């Protein structure tokens, strides 16, 4: 997909990594209806692309995303405005649901402020990293809109109930270091190192077996709302599915062979456990 003015995102492929880049820097990468639909279409295509092992979401320029594009809000009566937000919310949530459903790991590379729905989209990714100049702002309270973009689902799961309530009710801005302390991001990198470090992480994710990553995502997402018995039963089902995959046969053969000891691709249990 090209990054010209006809599109609100670009998609780049390098070393098994697909990068979805929001390309509206003059609008602070605000989520237009077109941007959301293009992002959704890109995720659909990337899901079935076997050459892609990991997906990065990031913004062009100095901002990750400012959330809903308020310039698209119609000037009509309240009913028209409500219809507009209903449709935009459905687009937004379709993207959020796809980020959860896709087997491949997703990484939010937060290059600058993540505001409102932009914050919500970053929370919906499996991992998140940011530059040391990134900031995070719920913003819904300040513009008179109830929080959405899956924030009520992901935020308390990521930062805990008290912090989620504090953040949404006070609407204060978190800097990169505090976002890391709260668990909003996994890592903070200097702006100079950001792109190279994002590339390193994304390539590492892309090199891992997608089917196992999908099983991990499913269990982590579903396990928090299950009983212990249900969770462990589903784990058994996933283990059985994974050992029936050719990847396991390959790794088992490596484990049983002498070559395994010098392989960087397999765990040396003697080294880990202190055996001979």
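Keep in mind that glycine also has a Cβ here, set from the backbone N, Cα and C atoms.
Values in this document were obtained by computation on a predicted structure and should not be read as measured data.
What Swiss-Prot says about this one:
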BINDING   66, 67, 68, 69, 70, 71, 117, 261  substrate binding site
ACT_SITE  93  active site, proton acceptor
ACT_SITE  148  active site, nucleophile
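Where Swiss-Prot records a feature, it is marked here on the structure.
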| residue | record | CB count, 10 Å |
| --- | --- | --- |
| 66 | substrate binding site | 25 |
| 67 | substrate binding site | 28 |
| 68 | substrate binding site | 28 |
| 69 | substrate binding site | 22 |
| 70 | substrate binding site | 11 |
| 71 | substrate binding site | 8 |
| 93 | active site, proton acceptor | 16 |
| 117 | substrate binding site | 29 |
| 148 | active site, nucleophile | 19 |
Using Cα coordinates, what distance in whole Å links residue 68 (substrate binding site) and the residue listed as 'active site, nucleophile'?
10
Quick one: which of these recorded positions, 66, 69, 70, 71, 148, have their CA within 10 A of residue 93 (active site, proton acceptor)?
148
Cα-Cα distance linking residue 117 (substrate binding site) and the residue listed as 'active site, nucleophile', given in Å to the nearest integer:
7
